[in-house]
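Undergrad: Have a look at the structure that comes next, please.
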Amino acid sequence: MSDAKIIDGKAFAQNVRKRVAKQVEELKHYENLTPGLAVVLVGEDPASQVYVRNKVKQTEECGMKSLEYRRDPDISEQELLTLVQSLNENPEVHGILVQLPLPKHISEEKVIEAIAPEKDVDGFHVINTGLLATGSKDAMVPCTPLGCLMMLKDYFGGSLSGKRAVVVGRSNIVGKPMGALLLNESCTVTTVHSRTVDIEEECRRADILVAAVGRAKMIKADWVKPGAAVIDVGINRIETPDGKTKLVGDVDFDEVVEVAGAITPVPGGVGPMTIACLLANTVTAACRQNKIDEPKVD
Ligand SMILES: NC(=O)C1=CN([C@@H]2O[C@H](COP(=O)(O)OP(=O)(O)OC[C@H]3O[C@@H](n4cnc5c(N)ncnc54)[C@H](OP(=O)(O)O)[C@@H]3O)[C@@H](O)[C@H]2O)C=CC1
Ligand SMILES: Nc1nc(=O)c2c([nH]1)NC[C@@H]1CN(c3ccc(C(=O)N[C@@H](CCC(=O)O)C(=O)O)cc3)C=[N+]21
Ligand SMILES: [Mg+2]
C-alpha cells in the first residue's frame, strides 16, 4: 500500500484562480483597470482548441477580458508578426499568448521575440528568460514551471533549499526554466535529456523529480527514490485496450505512487496550474504596465 500524497493540482489551481479573481475585482474597483489576455491560435489542432477554450472560459470567470485570435495555418509569418505588433500596441491587452507549436513555415523564435516583454505572460521572450536566469524578481516566469514550483513549495512547507532536483527534459518552455527556478530556490539541480548516460541512475538521486519529456509512462518505480516528490508535466494521449483514448503523463503513475512521497496526477495535476499561473501572470503584467502595486489578497 502506498502512502504517497497525491497532489491535487485541480483544487490548488481553483484556489489560485479565486485569489486572481479577488485581485481583478480590486483592480476594477479601485483602479478602473480590467486585465486583458489575448490568445493567438494558429491552425485547428484539436488539443490546442480544448486548451484555448479552457483558458478563455477561466479568464472570463476571473473577471478578466479575454480576446481570442484564430488564424488559418497558412497565415504568413509577416501577417502573424503584424497581429502581434497590433496586440503590443493595444492598451486593453496586458498579456499575449501565442499557442505553440506554430506551423513549420513560421519561426517561433521570431514571433516570440516580437511580443513586448512586459506583455509576454508565457515568459518565453529572451528578456524574461535572461531575467529568470539571473534570479531577478522582475522576470515573467513561464506558467508550467511556476505551477510546478508552487505545488512543490506547498508540499515541502515553503523551502526547497538543499534538495536534489532532477528535471527530465530541456525544452525552452518547460525543462530549462524549471531548472532555473529550482536553482533560484537553492536546489542542487541536474537536467537530463535524450543524450544523458544512465538517466535512471540520475533520477534515483532526486528528492524532487520533474518529468517533462512527452513520452507516456517513461518514469518507472525503480527510477524513483523512496519518498521523493514527483511532478508529472507530460500530457500524452494513448489508446486503451478497449479502443478509447486517455490522457497519461510521463510518469507511470500506478507504479510510482507506491514509492514516491508525493506525486501529481495527469489529468488534474500540472495542467490546471499552468492555466491558473497564466491568469496570475496577466494580473502581474497589467499592474506593471499601469505602474500600480499588485493588490494583496489572502
Ligand atoms: N501540463 C502542462 O501544462 C504542459 C505540458 N506539456 C507536456 O510536457 C511534455 C514536454 O513538453 P515540452 O518540454 O514542450 O517537450 P519537447 O518535446 O520540447 O522536449 C522534450 C524533452 O524531453 C527530452 N527527451 C525526449 N525523449 C527522451 C528520452 N527518451 N529520454 C530522456 N529525455 C528525452 C528531449 O531531449 P532532447 O532535448 O535531447 O531532444 C527534450 O529535451 C509534453 O508531453 C507536453 O505535452 C508541455 C507544456 C505544458
Ligand atoms: N504558448 C504556449 N504556452 C503554453 O503554456 C502551452 C503552449 N503554448 N502549447 C501547448 C502546451 C500544453 N499546455 C497545457 C496546458 C494546460 C493543460 C491542461 O489544462 N490540462 C488539464 C486538462 C486536460 C484534458 O483533460 O484535456 C489536465 O492536465 O488536467 C494541458 C496542456 C500548455 N502549453
Ligand atoms: Mg516543443
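From the backbone N, Cα and C atoms, a Cβ is placed for every residue, glycine too.
In case it helps, TrEMBL gives these features for our protein:
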type    : residues                       : note
DOMAIN  : 7-122                          : domain 'Tetrahydrofolate dehydrogenase/cyclohydrolase catalytic'
DOMAIN  : 142-289                        : domain 'Tetrahydrofolate dehydrogenase/cyclohydrolase NAD(P)-binding'
BINDING : Gly169, Arg170, Ser171, Ile235 : NADP(+) binding site
Undergrad: Any idea of the Cα spread of the NADP(+) site, Gly169, Arg170, Ser171, Ile235, as a max distance in Å?
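TA: Greatest Cα-Cα span of the listed binding residues: 16 Å.
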Undergrad: From the DSSP assignment alone, can you count helix, strand and coil residues within the domain 'Tetrahydrofolate dehydrogenase/cyclohydrolase catalytic' (7-122)?
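TA: Each residue of the domain 'Tetrahydrofolate dehydrogenase/cyclohydrolase catalytic' (7-122) counted once, the result is 62 helix, 18 strand, 36 coil.
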Undergrad: Reduced to three states, what secondary structure does DSSP give Gly169 (NADP(+) binding site)?
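TA: Going by the DSSP assignment, Gly169 (NADP(+) binding site) belongs to neither helix nor strand, so it counts as coil.
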Undergrad: Over the domain 'Tetrahydrofolate dehydrogenase/cyclohydrolase NAD(P)-binding' (142-289), what is the model's average pLDDT?
TA: 97
Undergrad: DSSP secondary structure for Ile235 (NADP(+) binding site), reduced to helix/strand/coil, please.
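TA: Its secondary structure by DSSP: coil.
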Undergrad: Which binding-site residues, if any, among Gly169, Arg170, Ser171, Ile235 have a Cβ under 6 Å from ligand 3, given in order along the chain?
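TA: Listed by sequence, the hits are Ser171.
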